[in-house]
Amino acid sequence: MKLSGNLLAGLTNSVWSGIISLAAIPFYLKYLGIEAYGLIGLFASTQALLSLLDLGLAPTINREVARHSAIGNLPEAGKLLHTLAAVYWTMAGIIFLLILSLASLITEHWLQSKHLSQTDIKHAVILMGLVIACRWPTALYQGAIMGAQRLAISSLINIAMVTLAGLGSVMVLAFITPTIQAFFIWQAAVGLVHAILLQWAAWRVIGRSQKLRFDMNQLKQIWRFSAGMSGVAVSGIILMQLDKLLLSRILDLEDFGRYALAGVVANGLYVLLTPTFNVIYPRLSTLVVTENTPKLIELYRLGTRLFLAALFPIATAAAIFAEEIIALWTGNAAIASSMTILVPLYLIGTALNGAMQFPYALQLAYGISRLPLMINIILVSIMIPMTVFLAIQFGVIGGAASWAISGSLYLLIGTWLTHKILLKGLGLKWLLWDVGMPLLISITMVGITGSKIHEWGYAPHLQLFIGGGLVLSAFLIIILFSPHLRLTIQHNFFPGKKEV
């Protein structure tokens, strides 16, 4: 499938998933309350932390399938997929047993609740483990499908499952029982169905041989890259989840629920981030294998600029109109007014992290997992004391400020280290033109103009409409300042043209 087709499939998946998630949250707050929603936020962080047990295998299968696809030997990747599947399903059982054994400890010594009973919280924690275990194998099969650059298949399955999980949960809470236990039971059932469907799809794409067996040699061949990716995952999860872990201990569940809600708003940017990475990583891997460096540089630079032409204006508008967005979304003006500083700080960090999607994909495409590991270790050594200090001193705002500072450091340090090793000499040019130009236009056009409009006090709906117009205008201006990018868009998104 063309790059544009994969990107559109991924974007459709992400946009729809985001819509379902955002639409469901007000109902979760209505039927469960902010404390129980805090448990859902804790579940999301726990699931992210336990992804450390992935050991870098999901990005490894992605890269290996892309490599075998590039040389026309896709069925060979089936041997590795079969072996890794045995590892994944075993780990799913271990994860459930781990959370089951720790449920009492978490309930009694970690979480603080004003209204939920300890019994309800303990049952919820156990069910969290069941949901995570049921969802666990999906990462492997999605990685295989994405490596084969068949995003349309995984996107279609994911759209169906996200719809079933989100709307189904609301129906269960509204018509059966409005309890956190019912929410997690439904999520576990949908998660298991999702894993089975992706398993079927992955084998349809790759082709299943009748002679497959568990092969330790397959693991030996990938262990270096996988071990490096495991280190990247450990350090990356610490960077992404440290603030949430600290605040879940420092704050009560009600305040932590607000923090989790602010994170949901900022993480809406992943509607763009996730599909972009899923498309560019296997494509860059293919260009590395075929040694097509000119095409690699072209995709790297123009792809970054096109991606940030959308990301930066959207993030800037969301930061300026954060209160209006949250008020209209949740229907709760009090919650919205309490997050007017929190959400913009979160958005700054997430947007700047998003700019590093292309360098990170480039690092993995070359198989140099030690490079992102080195970058993450540097950032972790800075982030741990900074996050502890800011979170203790300033609470919720401190955690968000630490995330914003982390994003800035990642952009500067990550770019410098990446281009000391890969595509040498490109770093400053990439940072100033492909990142700096979209950022400057976004701040000038959306940030400054949007702030003035915000001060005029128009109705929230009108402010958001104007903000959307500013985002579109900034996007078009960035494209206007990039003639080569305009040509690339024509070739990729209109039929009959040459593909990038």
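Every residue, even glycine, has its Cβ placed from backbone N, Cα and C.
Look at TrEMBL and you will find 7-28, 34-59, 80-103, 123-144, 156-177, 183-202, 260-281, 302-322, 328-352, 373-394, 430-450, 462-481 (among others) tagged as transmembrane segment.
Segment contact holds for the transmembrane segment (302-322) and the transmembrane segment (328-352), given three or more CB pairs below 8 angstroms at sequence separation of 6 or more.
Under 8 Å from some Cβ of the transmembrane segment (373-394) lie the Cβ atoms of residues 228, 231-232, 235-236, 238-239, 242-243, 246-247, 250, 401-402, 405-406, 409-410, 413-414, 417-418, all in the same chain and six or more residues away from its ends. With a threshold of 8 Å between CB atoms, the same-chain residues lying at least 6 positions outside the transmembrane segment (156-177) that come near it are 9, 12-13, 16-17, 20-21, 23-24, 27-28, 31-32, 142, 183, 186-187, 190-191, 193-194, 197-198, 201. Sequence-distant contacts of the transmembrane segment (328-352) (same chain, at least 6 residues past either end, Cβ-Cβ under 8 Å): 22, 25-26, 29, 258-259, 261-263, 265-267, 269-270, 311-312, 315, 318-320, 322, 396-397, 400-401, 403-408, 410-411, 460-461, 464.
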